[in-house]
Amino acid sequence: MHGLLLAGLLALPLNVFAHPTESHSSGVSRRAIDITSYRLPQISKYTKSDAVPKQDGESFTTSSTGDDNVSSGDYVTTATNWLKKTLPKATYRLVNDHYIGDSGIGHVHFRQTAHGIDIDNTDFNVNIGRDGKVFSFGNSFYDGEIPKANPMVKRDFSDPVNALHGAIQTLNLPVTAKPENVKAKPVEGKENFKFEGTSGALSDPKAQLVYLQKDGGLVLSWKVETDVGDNWLLTYVDANKNDQVHSVVDYVSAAEYQVYPWGINDPTEGNRTTIHLPWLKTLSTDWHIDGKGWYPTTRGNNAIAQENPTGHPEYENNYRPKSPLFIFKYPYSPAMTPPSSYRDASITQLFYTTNVYHDVLYILGFNEKAGNFQINNWNKGGVGGDFAILNSQDGSGVNNANFATPPDGQPGRMRMYTWNASTPERDGCFEAGIVIHEYTHGVSNRLTGGPENSRCLAALESGGMGEGWSDFFATAIRLKAGDTRATDYTMGEWASNRPNGIRKYRYSTSLTTNPHMYVDADGLTSVHAIGTIWASMLYELLWNLIDKHGKGDVTKIRPVLKNGVPTDGRHLAMKIVLDGMALQPCLPNFVQARDAILDADKNLTQGSNKCEIWKAFAKRGLGVGAAFNQTKRTGSNELPAGC
């Protein structure tokens, strides 16, 4: 689950931040079942660009515009040949989410198979450079002995309905599946089913027969998918012993407008103003068109925003403000109460912030082919049908927020709650950093491992980086014109009514204010605590690049690019972090993500910022000699030669 504050990192008496008793959540009770104990193992390897073996033979050129032309099939062939050369005995399938990013890198993803069955946590991603050769690659393929017996021959596995019952009982899921009512209906794919006749889930549960790489071997499992609101789970149930769960992945992480404008983080930083036609010209349409209609409400191609006071999964018929003239101006002040009295302003603010962020990310490369959130992809690649569902004042919780990220083609879902640590209570929709944090979970999950694979941040350190990326983008976007590297920032300060925010330390380049180092992750089990370390490193990176390239005009929304490269350090940092997500392997660790960011800069600027990047990471212990180990990390302040 990708919530803003589900963390033991706070060391606060405010345990309401982690599914409070006041919440009417339908998700997994974290006091009863700790689903984090079922995380996927962290087994990926990443071969960075300067470690890729020398390549001979023909090459092709990717298009920096991302156009799919004759060469588009060639980069897939090059990637496939590289996999065959690297792992000649492996069997696999091509995942249908390859694309050429706007930085000119071709991204191709493969899934390992055995007896025609997916080994679900095995991935091989190949990044093809502008010169047509392999730029870098990641690998988590299983290299052990494949079971000799084909389970499909003797049908040596349980009925999928039994696996569904196993998932429900083991995880105490709020799903009812009476044996006499439940039917497993086959759908497209081998041993792939949808369950009919259940209740309690937001959509029909599903199951697929897969292998899972675990403890040095392969276990045949049913991958059971259940969306129960606060948790959208993939539960890997043993295909023979249905009371045994091997692993769990959670997809959830949580005109004219009168709003707090872009760059104003919360009501303490500025006043509401009227914004005219705020959308950026990234597409040929505005925010209220999806190719099927023009909606005089908070609905369009990128998002649909509404109130949800009951916390119910239904959203299409929920209340949202309407304006035939597209004038969304409604009263609000932080002193107003109850929250329902300003619901129109809340929904409008949420719709505005999310759409602006969508447009900024689009310019920086998170577009249709990369798996962004849009109903209509305008024939530009990727899978459509997946705008972001935005719930304002969601009644399923308080003092939090979350975002669920299923694979490309299925809508993301953001739940924004009210916060009761102040009088009157506060609405998280008016703190842009919370909205941006949650939406960024959708971004990092879609980019890492490819748009069709939403389980690539399910390991502990990977999930921690997911939280860190979300804090980083929220912080980078709120920078002010007078800020310097001596400026510190908090997260969630306004909504939580806590002057120091909701993280252990402020984000700061001062090691006195924020002493976090890489090795601090040892012993941590909270993704939010680990994420604070990662975001602290990225904050150093941000200021190193700003000091070199300037921060640009922070009052302007649209990033300025020259030959595809942002001209200011702030957006350049955001760009190479985004590109790094697409380069890194599935289930990355800090070291691999650092290398992917270095590779992103190498591709984008020919490595002109190499030393600035290394200095940022080395300052906080992720230098040349740093090494990942789940329980005992090796820190390093060493810089490479020349830096």
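Every residue, even glycine, has its Cβ placed from backbone N, Cα and C.
The following features are taken from Swiss-Prot:
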type	residues	note
SIGNAL	1-18	signal peptide
REGION	49-69	region 'Disordered'
COMPBIAS	58-69	compositional bias 'Polar residues'
CARBOHYD	Asn271	N-linked glycosylation site
CARBOHYD	Asn420	N-linked glycosylation site
BINDING	His437, His441	Zn(2+) binding site
ACT_SITE	Glu438	active site
CARBOHYD	Asn603	N-linked glycosylation site
CARBOHYD	Asn629	N-linked glycosylation site
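Here the glycosylation sites are Asn271, Asn420, Asn603, Asn629, and the one with the most other Cβ atoms within 10 Å of its Cβ is Asn603. For the pair His441 (Zn(2+) binding site) and Asn420 (N-linked glycosylation site), the Cα-Cα distance reads 24 Å.
Distance from the CA of Asn420 (N-linked glycosylation site) to the CA of Glu438 (active site) is 19 Å.
Note: the CA-CA distance between Asn603 (N-linked glycosylation site) and His437 (Zn(2+) binding site) rounds to 27 Å. Here the Cα atom of Asn271 (N-linked glycosylation site) is found 22 Å from that of His437 (Zn(2+) binding site). The DSSP secondary structure for His437 (Zn(2+) binding site) is helix. Within 10 Å of the C-beta atom of the residue listed as 'active site' sit 30 other C-beta atoms, taking all shown protein chains into account. In this structure the C-alpha atoms belonging to Asn629 (N-linked glycosylation site) and His437 (Zn(2+) binding site) are separated by 27 Å. Counting Cβ atoms from all protein chains shown, His437 (Zn(2+) binding site) has 30 others lying within 10 Å of its own Cβ.
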